[in-house]
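Visitor: I'd like to ask some things about the structure below.
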Amino acid sequence: MTASLVVLPSLWLILIIFTAPYTHCTQSGIYIDNGKDQTVMERVLTDDDKLDVSHEILEFLGIAARPLHHKSHGLSLRKSAPKFLLDVYYRITAEEGLAIKNKSDHSRSKRDANESEQNFITDLDKRAIDESDIIMTFLNKRNHNVEEMRHEHGRRLWFDVNNIPTDNYLMMAELRIYQNSNEGKWTTTNKQFTVTVYMLRSGGSAPNMLEPLSSVNTTGDYVGWLELNVTEALHDWRVNSNENHGIYIGAHALNKPEREIKLDDIGLIHRRTKVDDENQPFMIGFFRGPELIKSTSGHSTQKRTKRSTLHQRKKSKSEPVNPFIENSIENTRSCQMQTLYIDFKDLGWHDWIIAPEGYGAFYCSGECNFPLNAHMNATNHAIVQTLVHLLEPKRVPKPCCAPTRLGALPVLYHLNDENVNLKKYRNMIVKSCGCH
């Protein structure tokens, strides 16, 4: 048997999905430990209960509304931007050592061996990944209505950045373009080129002025991703969306900067690139967000009060089903980490959360009795409190069993049909327990 739970601190509610492997039925409800190393159902949760919990957790995680239904994760993951985030996701889970269940249609820990993995996540990316809370990707909008450029050799790209939350601080933004020398005109290391990204600005007599942002050097035989810094452009677009006229990509020979060459000649941004092409150009934004786990006080109190009232009205439909449960079960085991599994699928989130399908959250449970052993990770204060409790048990309580170390949970999800986000929720997974 497997048991999975969802803990919601603001409601003090535990939702557990319990599946028997030899049957085809699944029940959702509240399960508790009966003190004899057995997990038993205390009561069944109705569909309304689960919907209530789902809304509460969305608010708890700082997601304003449930993203729209997405038909196929597999189709979207063929695109370049989601593939990048999927690699980032697996890198984070590997470093955190998370016990996470992932869907079978994308259960890979790295890109295919024939792909240029070594330059897909750079050292600069790794630092930005570690420091950021939210990573957003943006694909080029091919159908955006813009004026044609007079520069026939380069390419113009445009990204819709209107969905970025205003309270997120931009750390860095990168443009990724793929070079495939096999499709180019020059395929030798003797040919060196400079690729430059420009921000398109309007003003004056010229309809579009080119403001250089960054450049990168490459060779004619290079195959892989090129990274260009576009932080200034994304920052300006967020301040004033009317200034978002896109960017322009140009290239020239290293020894002839005055002569622009066709990007096709060095295998860059081919005109026949499809929307779902895994080498489609994309932009990455690394952000530091506010505390992602929202406070349980303030403006949301009224909403929770209404839902709690609704929960009380529905309680008659979900009364205890096990008459052998004693409400005053005392856990006599010493403080230790217990298994707790969160299942997103039972909340109906499998159509917009790409990964994970579920994760091990764990929890701390048990007594902090004298003497406090080494495995209890007791603080000095807890040791003193235990001794005082022996002398004055009615005045001073025993120390509490609580997490001593917590880990982050990465969640990869569809914002809409065009954009995929990766959020890191800190302090979501118990790593160790102790007496405090």
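Placed from the backbone N, Cα and C atoms, the Cβ positions cover glycine too.
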Visitor: Could you pull the disulfide partner of CYS368 out of CYS25, CYS435, going by Swiss-Prot?
Guide: CYS435
Visitor: Scan CYS25, CYS401 and flag the one Swiss-Prot records as disulfide-linked to CYS335.
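Guide: It is CYS401, per the disulfide annotation in Swiss-Prot.
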Visitor: Per Swiss-Prot, which of CYS364, CYS400 is disulfide-bonded to CYS433?
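Guide: Cross-referencing Swiss-Prot, the cysteine bonded to CYS433 turns out to be CYS364.
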Visitor: Of CYS364, CYS368, CYS433, CYS435, which of the disulfide-bonded residues has the most Cβ neighbours inside 10 Å?
Guide: CYS435
Visitor: If you measure ASN217 (N-linked glycosylation site) to CYS368 (disulfide bond) at Cα, how many Å is it?
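Guide: Cα of ASN217 (N-linked glycosylation site) to Cα of CYS368 (disulfide bond) measures 62 Å after rounding.
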Visitor: Quick one: of ASN217, ASN229, ASN377, which of the glycosylation sites has the smallest count of other CB atoms within 10 A?
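Guide: Among the glycosylation sites ASN217, ASN229, ASN377, the sparsest Cβ neighbourhood within 10 Å belongs to ASN217.
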Visitor: In whole Å, note down how far the CA of CYS435 (disulfide bond) lies from the CA of CYS401 (disulfide bond).
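Guide: Checking the Cα atoms of CYS401 (disulfide bond) and CYS435 (disulfide bond) gives a distance of 5 Å.
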Visitor: List the Cα distance (Å, whole number) between CYS364 (disulfide bond) and CYS335 (disulfide bond).
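Guide: Their Cα atoms are separated by 7 Å.
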